[in-house]
Amino acid sequence: MSTFLDMLSGSQCVSLEKCGDVVVSTNDCMIALYCHFCRDLFTQLPEFLRHLQGAHSDVLHFTKEHNVYSVEELMSGEQEDAQSVGHNSSSSDSRGLAKSEDSRATEATEDNSDNSPVKSEEKGSQNEINLLAEVTNILLQTKEKEHINDKLKPENGGFKGPRKKANSESNSLRICNLKSHTIARTSRKRMSIIKNRILRVIDSDLSANHEMKPSEPNSKILITEPIQEANIPGICLETPPKPIPSSSNLSVRKSSLTEANVSLAHTNYAAKKTTPTLPKLLNCAPKPILPSQQAQVHSGSSGIHEVYHISKAASQVPKEMKSFPIEITQIDVFPPRILPETSTTSDKEEDVNAPVENNTRSLYNAQNLPKDKPKKFFKKRGELWMKNEGKITKSKVNPIIVKQVQTSNVKSSPGKTQIRSSDKTKCFASEFNSTKNRKLKMENFIALKKEDPCSIRSIRLNKMATIGNCEILKVVGLPAITDNQIEDTLLQDELETMRKKADQFSKIYRKYDSIWNYRKIVPPGKPEHISQKMFALTREVNQTMGCNLPNSAIKNIINQISVWHYNIYTKNIVLDTISETARYTLNLFSFLPVSFAYFCKCCDDIFTLNEDYIRHLVSQQARYQCTKCIKTFKYQGHYDKHMRTVHP
């Protein structure tokens, strides 16, 4: 390259001067021309040449002007010009210098054009070439834009492109605007409510203050109008008069009348001064019945006062005016009605296996009985008294059972007392009216309310221990727990068999430590687990001992054994007073702890305190209890079915 430059520099035709360097960008593979004079970068050669001629002509001394566009420059268009401007890194000072130098160059060209006519002709031809080039450039740009738009359009004309969203940021409501909007909305609602209230009050005041207009003095008033004119209130103690029919409405049959004398009295218009006597017709006091009726009619058109005298027919009934208020002349007091008998007592005697009602249940119901329903109390009281006697019989002396007695209303309504009697009502009246019987009944009622089924501990233990009567304990060989004199009634062989049964039961019961050691196991077993163990114990006892005991009977036996062992340990039962069989059973159950739990025979509940267990027994809804297996039932039908199937 250096030799080529030397050759060119040696010749006189060619003079070369180094104006810049070629710079290559490795990032985007772009080539730029670097100017040595002003240190600017240019991406295209024509721009670089124009820059040298315009800005550095004083240094380089050009002989020809470079004003001809190249093909690349014509094809590039406005995009390449914008791109070249982006790649230029000339400072504002250099651009200012370039503008000043361009202005100087233009001035120099103008001076030269004034001096030489040849240059002016060349300049005109160059301007024409520049205009043609600009026109062609504009046409090419428009064609390129249309070609690009055709490419961007899809084949199907249904697609409209992405929707242009309007700039709604300025119109959107902010939080403060939303708050003010809600405040204004609520205030408008409140103001509308207040406005409606004010309007309603005004309307009500107007309707209250509204009065009827008084009639003119010369106006003609009918008989019924004085009531409306005087503003008489709607509620009046006097009955209004009946309207008198007009002359046109009067129709008289000749057949129904015996005599018809009609007299017409013509009076002047001034005779109407007698109208103040009209309000006298409003007095509704009963008047004596006259043989004829007098009707006065005021004609509105002619102003004639007409009076008709009509005689009564034979078939007509005289009508009397009703007076108010009604006068009561006589009050008849009727005797109280005697109601028929509601029900009678049954004549059947109780069977031996009849259900025994739970005493604790009846006592608890009597204690918590409401005051307004003494009906159930007296009924249950009578049933308990009769069942304790063992049978129900008719009594000639006292055959009556009171069904409902209210002490507060005995004097006021004695006739409303409902009774159930098998004898005549005279016997009931003589006994019910006696103060002695009523006093005894009230004393029994007060004593029964004061009685507490859980007050005395020994009574509770005795009740619980005597539920099964010894018959269930005989099945497992443990009757000595409740009866100390059982040895005197049994033979030696029977005693030995009873001890064997007790030994078998104690061995089986020893296996189920989760039942008899419930309070010492930590954590205690769940009721579901204990109930499963209880069913397993019942099944094993029935299989080994050849009996048919229910689950409730096994629970009853366990409770009695635990209470008996606890009483001996706490010295409530002296060892010297018990029999040898009881001592033998005590040795069999020596593994039992002092603390034990109560198992309810009706459900799966377990209690550690005696008071809670007794309270639970009282609250049980089972009223009927079998005397053989101590199983309880809520309804008598279930009890009867049990007796037919289990104890035939």
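Using N, Cα and C of the backbone, Cβ positions are placed for all residues, glycine too.
The zinc finger annotation in Swiss-Prot covers 33-56 (among others). Taken through DSSP, the zinc finger (33-56) splits into 11 helix, 5 strand, 8 coil.
As annotated by Swiss-Prot, region 'Disordered' applies to 76-127 (among others).
The compositional bias 'Polar residues' annotation in Swiss-Prot covers 85-94.
What Swiss-Prot records for 96-107 is compositional bias 'Basic and acidic residues'.
Among the features that Swiss-Prot reports, region 'Disordered' is placed at 146-170 (among others).
The zinc finger annotation in Swiss-Prot covers 598-620 (among others).
The feature zinc finger is assigned by Swiss-Prot to 624-647 (among others).
Mean pLDDT, taken over the zinc finger (598-620), works out to 83 on the 0 to 100 scale. The DSSP breakdown of the zinc finger (624-647) into helical (H, G, I), extended (E, B) and coil residues amounts to 10 helix, 4 strand, 10 coil.
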